[in-house]
Amino acid sequence: MIIDSDAAPAIRPPFWRSLYAQVLLAIVLGVLLGWLAPDVGAQLKPLGDAFIKLVKMIIAPVIFLTVVTGIAGLSHLGDLGRVALKAFGYFLAVSTLALIVGLFVANVVQPGAGMHIAVADLDSSHIADYAKAAHDQSLVGFLMAIIPDTLLSALAQGEILQVLFVAILFGIALSLVGERAQPVTDLLERLVAVVFRLVGILMKAAPIGAFGAMAFTIGKFGLGSLANLGGLVLCFYLTSIGFVLVVLGIIARIAGFSILRLIAYLKDELLLVLGTSSSESALPNLMAKMEQAGCAKPIVGLVVPTGYSFNLDGTNIYMTLAALFIAQACDVDLSLGEQISLLLVAMLSSKGAAGVTGAGFVTLAATLSIVPSVPVAGMALILGIDRFMSECRSLTNFVGNAVATVVVARWEGQLDREKLKAALG
């Protein structure tokens, strides 16, 4: 929920009027409807899709305006390069750690051991589209895709990295022009206020979107679909929770704040992510709340959007854990060298994964298509439960990017500790 920092303190509204309570109630009602009337629940997918489309509609202008005004406000352009270097260094270190955690847990718990699945018996027709999407991915193709065909096409298509690329160039140009560009900067600052007010309006529909998305998930896949492969789902959830509380918790403590207080501060957004299974649905609110928590606008504008492509801790845990699950289920014994190769490939293929529903599955397909030891057809084993793991991936990704923003802001000396303390309580 967007809060106008300039507004006078208001009387605290009743609990039931908060976005947190409304989204939570919507999720519960969606689960009940999908369970009691699955045919009806399965028809409500458009509600969730429509809400995500509404949010995606506003993501491009939010990123563009925030990044441009943030860069234009930098005293020295050298600051931009330094912030980017620190951010990507953090992304690489923590993402690699997440991959290692997934690999370690899979080796210790061995969730796929004893299934003895013959690859020839698997029906891989359902993963053909994912495999094709993965095959189309390449490092060169990914880098070329960052450059839009035109300046306007980046905003029109809403690709996050393209919008970020254009915004950085535009912000640098404004900074180089200097005082003559001040009227343009002032106009963009006013547009930022308008766009975030629009975000607040769109968030009113969040409970409807969460209700439809959850009713569809339970209605189509059913609660019972978790039974056969529940071990993998439970293992992934516990691993992700442990990663957030222990790994990110330690990082947060070193940076001078509590991970639990940060999670409580972002509870509205986390419920929104849970209901829609998309961390993108809460991106505009995350940027606003990180600024309110004392992180400087240039830091927020650079770290949050890039983190949505390069700092996906939940997706990284999922990839190595799921890959080893498939190998174990198909009785493929991976040597240490093969597991290291898997980790290195996953480090590359995970970069650029979008924060939308199902992107983690495509990224896994991209990884397995490069690693010959693990059969891509084995992905058919987890296709039915991937939707249930998507929520956890998105939540972990979201918290990871919030932590990254505060950490980079602290490294840069661009963190208002008093604001952070007041926000987190």
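Backbone N, Cα and C define each Cβ position, glycine as well.
Feature annotations, reproduced from Swiss-Prot:
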type	residues	note
TRANSMEM	18-38	transmembrane segment
TRANSMEM	54-74	transmembrane segment
TRANSMEM	88-108	transmembrane segment
TRANSMEM	137-157	transmembrane segment
TRANSMEM	158-178	transmembrane segment
TRANSMEM	198-218	transmembrane segment
TRANSMEM	232-252	transmembrane segment
TRANSMEM	317-337	transmembrane segment
TRANSMEM	365-385	transmembrane segment
Contact between the transmembrane segment (232-252) and the transmembrane segment (54-74) (at least 3 Cβ pairs under 8 Å, separation 6+):
no
May I ask whether the transmembrane segment (54-74) has at least three C-beta pairs under 8 Å with the transmembrane segment (198-218), counting pairs 6 or more apart in sequence?
yes
If you count Cβ pairs under 8 Å, which stretch among 54-74, 88-108, 317-337, 365-385 touches the transmembrane segment (158-178) the most?
54-74
